[in-house]
């Protein structure tokens, strides 16, 4: 999601309000979203960026680790969301045990 946040700063300006939302889905997986005040929705995958291009890679970079993603217009705002691949449902995540405490000698 750093790409989505960087996009807000680069194209809307530093200090532009953006919302980052983490949602736990009924499946236990996580959805991550960034909403910003730009209502324009970019082409979903505009094609590969050139080696020397300084922009145009954001959605392609998002597509690699998150095969489930999208961009939608919400009135005068845009929302980019993704669901990272391979993420275990929360009920499968194990909490590590507390470290052992030794008494001093």
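Heads up, residue numbers simply count up from 1 along the chain you see.
Positions of Cβ are set from backbone N, Cα and C atoms, glycine also.
Taken straight from Swiss-Prot:
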- 29-55: region 'Disordered' (REGION)
- 72-105: region 'Disordered' (REGION)
- 72-81: compositional bias 'Basic and acidic residues' (COMPBIAS)
Same-chain residues at least 6 beyond the ends of the compositional bias 'Basic and acidic residues' (72-81) whose Cβ lies under 8 Å from its Cβ atoms: 1, 4, 31-41, 62
Three-state composition of the compositional bias 'Basic and acidic residues' (72-81), taking helix and strand from DSSP: 0 helix, 8 strand, 2 coil
